[in-house]
C-alpha cells in the first residue's frame, strides 16, 4: 500500500526548524510563499572536476541550479565565453544548464577538451560551478616489437618490464601467458605496482611458460596485449620435477649459491615519497636473494597505524588508507633471509589539497540585521582565499559600505534589500582548489501560519502528543503557546516547546483538554492559529478470554468485554493463530464474546480479541485445547508435562498519577504449573540505564497492580512470572513514564569525615540513587565547621560523592552536614556528623619512669602523650641489656593504647637496661623517649627512682633553696667562731715552752688558753712549702702570727693542738686590738 504523502506545510515546518537554528537555506514549499519570496541562485548539481568521457558516447557536462526567479545559464571554456548557439553539436537542456555535445552527425570529441565553468544567474545574483576539466578517454595500442629470449642463470634475479602505453585513465595491468593463462604469483614471483614482473630468483621451472603483459582500459573495455617474453634458464642440473622440486633445500640441491638480499625496487638504501591527505599511501619493497627474502615493515619512532594499514603483494607492499598528517615520517622495509638482511628507508611527506574547516553557508537576514560569511580552509601548503561576488573578483565589485572583508570572513552590518548577492569563496594551493557559493538574501516578511486553521487533535488519555504550528517570517518570529486564550506562556513542566514551534505535552491528562493558541511575532506583526485538543479514554479489555480445554463436539465461549470512550467508534474482531478469523456457521460473534459450536480439532489454537478505535486498540489472547472423545482427563495439568511459565505480555500503564501508576499485563501460558507470583521490575535511564531492579511482588492471581513511584524517574517496567518450576523470561518492557519532580525527601547516607593527610579532611557519602533523587541536577550541599567553636559554617556544592577540606589543623573534630538538593529544592535538614581531620605522629609518652623494686624485675610506667595527634593505636617498646660496652639482643614489645605499665624480668643481676618507648597512631610511631635502669646495688640503693620529663632532685627549686639556707647558716657560724677565736689574746695564757699542750692541761672555765711569746719560733703544725720552708702568710690573722714551735698535731676529732707564741715585732696592743677580721677560708683553717 502506498504511503500517503504529507501536506506541504509539514515540509515547511521541517525546513523552518533549520531556519530557526540559523543554518536555513531553504524557503518553505508553500506555493503562496514560493511565488512571493525571492531567492538567489544555488548550484544543485554539477559534473566532477576531472571529467573523463568515453569517445564513443555523446558528451554530457552537468550544471543544474535553483532560484526565484528561475536562473538562466551560460558557460565559459578555457576562461572565455562559450557560445552554445554557434555550435550545432552543442545544446543546453531545457530549464537546466547541462551541456550536451552530440557526435551522431560526426565530429571528434578531442576538439572539445578543455576547462568548462557554468554560471547560473537571476536578478539577485550569479552562482558558479567548479572548473570542470573535460578529457576524452584514450586507449592506445602497444607498439609492435620483437622480443629476444631472456637468458638468465638459475638463482639470479630478473625484472620483466611492462611499460604500458599511456592511457586516460591509466590502464589496469596484469600478466598472463600467450595462452591466456594467469601467471602464478607468490613471494618469489610477483607484479610490482608499476606493472613490471619481478623474480627474486629464477628457477628452471620458470621457463615452462612465456610471459605477456596485458593492459585493460576502463572506458573502452578493451585489453591490449604486449608481445610475450620467453625465458631461457641456464642451470647446472637438468630439471627433474620428481626429485628436486619438492626438496627441502631446493637451492642447494640444484647447486644454486645462496645470496644475501638486495633491493630490486626501489634501488639504494633510501628514497622519499609524497602523498596527499585523504589519499592512499602505497609503499613497495621488492628484494632478490637466495633463499627468497621475507619482507617486514616498520615506522621509525612509532607503530604502524593498525586500523588503516594493510599488507599487500605477499608483504611486499604496505598500504595506508585515508592518509593524514600524523602518517608522515620515516618508514623502512626489512628484507631478510638466512644469509642476512638489508633495509630501505622511505621518507613520507604528507601534503594536502585545500579542505574545509568552515564552509560558507547561505545567509538569510532581515533588513537591518547583521551577519557574516566565513570561509576557512586548511591545506599544505596553506591555501590562499579569494572572494568573488556574482562571479567577479570582490576588488572590482561596486563598493558596499555595509560590507567589510577581513581575510576569510565577510561581515555585513545593517543589511538592506540591495545587499542581496551570491558570494564565491575560492581557496587554493598547488595541489588543488575548493569553490563554494553562498548567497545573502534579505527578506522582510511578517509572520504567517503554514498549517490549516482550527485543527482538531484527539488523543488518548496519558499518552504523549505534539501540537504542530508551522510558521514563517523574517526576521525569525518568536512563538508562544497559550491555553484557552489565557494564562502564561506554556513551556516547562509537562510542556516542551521545540524550536520549530511544536508544543509537546508529555503526558495527557483530562485537564489538558481545551483550545491551544500559538502566536508568532516579529517586528512586522504577528500571526496566530488555534488547535483544539480533545482527550479520550483509552480502550481496555477488562474481561479477557481465558485458556480453555474442551471436548470435541462441545460448545466453547470466549469472553472479551471492552471499555472504551463512548465518543469513539469501537470495533471488536478476532484472530486465530495471529491470522484474521473467518466467522463460519459454527461460530457466533457478539459484542463481548465469541461462541464456537461443535468444537472440532481444527478449532484448536490461540484466539486473539482485538478491540480498536480510530485512536487506539487493545489485545487479549487465549488458547483453546481440543480433546478427543476418549480423552477425559480428570486433571489436565497432571496429565501434561510442567514447565516454566511463558513471559507476560502486553504491558500497559493506566491511572497515571504523580506518585503512582497502574500496571496491567496479560499472563503467559503457565505450562501446566500454576503461576504463584509476579515480580515487577523497573529500569530508569538516568543513573543506571539498562540495569533492572526489583520493584514489587504480587500474587499469581492478579494481572494488574498499582505501583508506588518516586518523583522524577523515567520508569520502564517489565514483569516476570514465577511457578514451582521456575521463573519466566522477562516480558517486553512497557512504555516509559516519567513522574514529575519534587525536592528530595532524604539525604545521602554514610556521611563520614576522615583525614587522608595530616592537614586535610575528606568528607564522603553514599550517593543517592535514581529513586531518591526526585529531580534533575541532583547535587549535595556540604557544610563543615570546627566543633565546639562559634565559627560560621563553611559550605560548597558538590555533584560527586566526596569533598576534601584543607588545610586543617592536625586531628581536630569537625561538625559535618550533607544535604541533597535538586532543581526543585533542597532536602530535609541533615543530621550533624562528627569527623576528624588527618592524623600525625604522636608526641613522646610523658613521665616515663623506670623502677627496680627487686634484683629480678624492672618496673616501667608512663603516661599518655601530651599531643596524641590522632587515635592512639598502641605503644612500641624496644629495650636491650648492656654491661659496659657489651650489648645484648634488642627486644621489641607492642602494647595496646590503654596499657601504661610493664614489668621486665632481668636476665642477670649485673647488667643494666636501656628502654626506648614511643606511641603509635595509624600514621606511624611518633617521638621516642629513652631511659636506663638504675645502677647495680653496690652503686646505689635499689629503690632509687629515675624519672622522665622531671629534672634530677639536685635541680629542683626547693632543694636548691634548702641547700642555700644551710650554706648560709654554716657561713654565719664560721664567722662567729672566727671572731671569737680572734679575740682569745685578751685572756691569760699558760707559759709553756716547747711543750705541747696535753689533753690534761686545764682550760679556763671560759675556754681560753695560755700563750707564750718566747724565742719567736714557728708555730708547731703550721703549713710549710714544698721545700720545707715555712710559708709566711701576708694576712695578719694567719695562725703563724700567733706562735711558733714544733710540729703541729691533731687530735682524733681533727682539732689542732700546739703551742702558740706572741709575735715579737708586734706590740701587745697591736696583737690584741689591731687584728683585722679573718677571711672565711682562714677561719676554716683555724678550726681545722
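Backbone N, Cα and C atoms are what each Cβ position is placed from, and that goes for glycine too.
Unlike curated records, TrEMBL annotations are generated automatically.
In TrEMBL, the annotation transmembrane segment applies to 958-979, one of the ranges 936-957, 958-979, 980-1001, 1002-1023. Only sequence-distant pairs (6 or more apart) were considered; of these, at least three Cβ pairs between the domain 'Ig-like' (41-137) and the domain 'Ig-like' (354-441) are under 8 A, so the stretches are in contact. Taking the domain 'Fibronectin type-III' (844-940) as a whole, pLDDT averages 88 in the prediction.
Residues in the domain 'Ig-like' (41-137) partition by DSSP class (helix H, G, I; strand E, B; coil) as 7 helix, 52 strand, 38 coil.
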